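So that you can see what the record holds, here are the features copied from TrEMBL:
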DOMAIN    A:22-558  domain 'Cytochrome oxidase subunit I profile'
TRANSMEM  A:39-61  transmembrane segment
TRANSMEM  A:81-108  transmembrane segment
TRANSMEM  A:128-147  transmembrane segment
TRANSMEM  A:167-194  transmembrane segment
TRANSMEM  A:214-239  transmembrane segment
TRANSMEM  A:282-298  transmembrane segment
TRANSMEM  A:310-332  transmembrane segment
TRANSMEM  A:338-356  transmembrane segment
TRANSMEM  A:377-397  transmembrane segment
TRANSMEM  A:409-431  transmembrane segment
TRANSMEM  A:452-471  transmembrane segment
TRANSMEM  A:491-517  transmembrane segment
Amino acid sequence: MVDVRAGAGGFHPEDFEEEEVPHPRSWWTKYVFSQDAKVVALQYAGTAVFVGLIALVLSWLMRLQLAFPGAFAFIDADHYYQFITMHGMMMVVYVLTAIFLGGFGNYLIPLMIGARDMAFPFINMLSYWTYLLAVLVLLSGFFLPGGPTGAGWTLYPPQALLAGTPGSSYGIVVMFVSLVIFIAGFTMGGLNYVVTVLQLRAPGMTMMRLPMTVWGIFIATIMALLAFPGLLVASLMMLCDRLLGASFFMPAIVQDGAPLANAGGSPILYQHLFWFFGHPEVYIVALPAFGIVADLLSTHARKNLFGYRLMVWATIAIGVLSFMVWGHHMFISGMNPIFGFFFATSTLLIAIPTAIKVYNWIFTLWRGDIRLNPPMLYSLGFIVTFVVGGLTGLFLGNVVVDVPLNSTLFVVAHFHMVMGVAPILVIFGAISHWFPLMSGRMLHDGLAKLHFWITFLGTYFIFFTMHYLGVLGVPRRYYDLGQTAFIPPSVAALNIAITVAALIVGAAQFVLIYNFIRSWRHGEAAKPNPWGATTLEWQTPEMPPPHDNWGKQAPTVYRWAYDYSVPGADRDFIPQNQPEQGARA
Amino acid sequence: MILAVAFVWLLALGAAIFLARQDIAAKPWLERGEIGGYSPDRREPAARTGLIFVLAIVGVLFALIASAFVMRAGDADWVAAPAPRLLWFNTGLLFAASFLLEGAARASAGVDARRADALLLAGALASGAFLIGQIVAWRELAGEGFGLGSGVAAAFFYLMTGLHGAHLLGGLVALAITFARTRGDVVSRSAALRFKLCAAYWHFLLLVWLLLFALLQGWGGGLVALCRTLIRA
Ligand code: HEM
Ligand SMILES: [Cu+2]
């Protein structure tokens, strides 16, 4: 999947003596150890997709066990927990974070702001290779004695370290080491994205002229840079506890009649550190998706983005607020009611900017010239999924309702809708939107639509019906329901249906992959700026853009990113780098 | 976690000041044409901006550790680890390193390359001595029976000093690169900037160390008590 030919477009060193973009000298430095942000982006995305496929297969295995308990001998309870843990951690950190920031961030930031490359290209390259190392270390857990950890993706102590939890000998160590490496790698990349946005924007590209995609990635990156230290500290302390006999988190425990060596640790401390990272992480995934969707909607509805300024403010507000709410994951851990009130209020406050965004997307569509091509379909699918997920979130945010629903499949259904399916639909939309830019060819329209409909309807079926299981009281993280009086037999039937849907949806992803590879080679050649978009990445002299993006002349920006259907203009869009004189016929 | 939250608020304040200067109340849909005042500037401010973010990240990291320390300190089972006397001497060394690097930065800005190089080397040596001193302090503490596994307080001592040392070590690598790239360079503005950024990083690590040092000496007691009443109230 790591097809790196995007950087292969004509490369004319003589075109840019004044610029110091490092010239690749060999095949290796051009495609493998490349410092071109576009190549790094495809490397990041390709690796993330690979991890995503593993996580997808793990979800199949879990679904098979839930539908046909015990029918597959190799899925025993330990394996089930290892699958859950790896699936969750991979999807959240190694797939979504990596693909939005490492993939789309690298590809789009320099192009959209009119820069030739990242601020520190070498560090950028290093960031990818560190990420790859983290992935390899993570995967090594599958091959070590005892297998990967099965502690659940939150990795709570003390049980994560106790014998009896699968993978407590090696798997857990490998997991934390991999996280530490991931954070180091991400920090290098993240510094690049932030500094590039702040320092390398083209002349005239003020902050308030940035497309929402860049705003989303920019704020999400800052959040990630500041939130990951929480996970880093937690990981290091866990490693000290596990390997060096310290007791940061491990309380005194008697196991099998004998006291363990640890004493005096505080498991609650871990929860604080973890959720200091964990809650912002939700928005680290969501904000880039929000930004990208705003741009796709505006472009494919040929209308300016409704309330751009409010969108920017909402993005910033979400960024700040999400550092104030982590305690809502710990309401039951016994905190001072004053803090409980603080966390509950700040959590409710976050709903305001989020709702603003939803309304603005919808107003953007209102009376637009909507083109139902794949990027638009995925974006509409995103809105529908996100709104449903948000509504079920209202149930869970209500303490009285949350008590019976907590730890049921209702929760699993809810978070898969908001932070699983919704962002992934945006990723698909973004791929279909920017594919012509990356490859110079169009994706096959019919295959893309087929993939959309199977994925959208399929995931909807999986997770919408799963709410119903949750209401019936089916618990989450259960390997086997066994003989449980309150669970009616219909649950088994629905579980089978959900699993069949999950298998179909999973298989449908290969339609996209096939389409991607086929179109990259044989797709219909794309004409320049095929969607008629205003943003700078489509105004490059060549498609795909050369290593230095702009050839001789880097662009100057004269307008914001959303001049669609401007009255009196000769086309229904005016690119950001078009001066006022040329815009009218 | 109060310290960490306070630090994040501080950063948010900084961000707010920055954003206020970015004219985020602009109405970009009305303002077409060239906007004066902004034109990109490659490498140099990029390095400075980068350092500001590095400091913010390192700051959050230590704020979180300090928060964790404060949350745990004073629990019933908390047995304070004695802070070795050597730490005072080490603190002096770090002060010296900071001063020397500041001198190097000024010499470099004043286009005195030789003096700058010499001061830079001296600063690096002082920092190296600090790191060795910290390791000696570790051994002293472990020798007195306060190993990593002996209790939470000792574990915090090793974690805090260790992470701080690791960041100083990273700084030394940056210093070495600076030295290699700018040796004898008296003309370029970029040499002076590199020196200045190194010095700034050292001042920041000194500040962090002073706060950690205070906590490890048990001077944070008032703060600990305050936080605890807030949590338990
Ligand atoms: C069609 C795609 C997917 C299917 C069929 C699926 C299925 C599952 C299943 C069966 C579980 C375990 C539920 C339980 O027994 O408690 C699970 C857990 C989880 N999934 Fe997915 N999933 C999918 C995609 C995703 C995506 C895209 C994400 C990214 C956010 C994600 C994140 C998680 C997390 C965080 C957990 C919780 C792990 C834990 O409890 O420790 N999943 N998923
Ligand atoms: Cu949360």
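Numbering starts at 1 and runs along the chain as displayed.
Positions of Cβ are set from backbone N, Cα and C atoms, glycine also.
Taking pairs at least six residues apart, the transmembrane segment (A:39-61) and the transmembrane segment (A:310-332) share fewer than three Cβ pairs below 8 Å and do not count as touching. Recorded stretches compared: A:81-108, A:167-194, A:409-431, A:491-517; the one with the most Cβ pairs under 8 Å to the transmembrane segment (A:214-239) is A:167-194. Here the transmembrane segment (A:81-108) has Cβ contacts under 8 Å with residues 37-38, 40-42, 44-45, 47-49, 51-52, 54-55, 58-59, 61-62, 75, 118, 124, 127-128, 131, 134-135, 138, 141-142, 147-153, 155, 165-167, 171, 175, 179, 182, 186, 189-190, 193, 213-214, 217, 220-221, 224, 281, 284-285, 288-289, 292, 419-420, 423-424, 427, 430, 434, 438, 477, 479, 537 of the same chain, all six or more residues outside its ends. Three or more CB pairs closer than 8 A are found between the transmembrane segment (A:377-397) and the transmembrane segment (A:452-471), so contact between the two stretches is assigned (pairs 6 or more residues apart).
Confidence for the domain 'Cytochrome oxidase subunit I profile' (A:22-558), expressed as mean pLDDT, is 91. Of the Cβ pairs linking the transmembrane segment (A:338-356) with the transmembrane segment (A:409-431) and spaced 6 or more residues apart, fewer than 3 are under 8 Å, so the two regions do not touch. Within its own chain, the transmembrane segment (A:167-194) has Cβ neighbours under 8 Å at 82, 89, 93-94, 97, 101-102, 105-106, 109, 118-120, 123-124, 126-131, 133-135, 137-138, 140-141, 144-151, 155, 160-161, 217-218, 221-222, 224-225, 228-229, 231-232, 235-236, 238-239, 242-243, counting only residues six or more beyond its boundaries.
Sequence-distant contacts of the transmembrane segment (A:491-517) (same chain, six or more residues past either end, CB-CB distance under 8 Å): 1, 3, 53, 56-57, 59-60, 63-64, 66-68, 428, 431, 435, 443-444, 447-448, 450-451, 454-455, 458-459, 461-462, 465-466, 468-469, 472, 474, 481.
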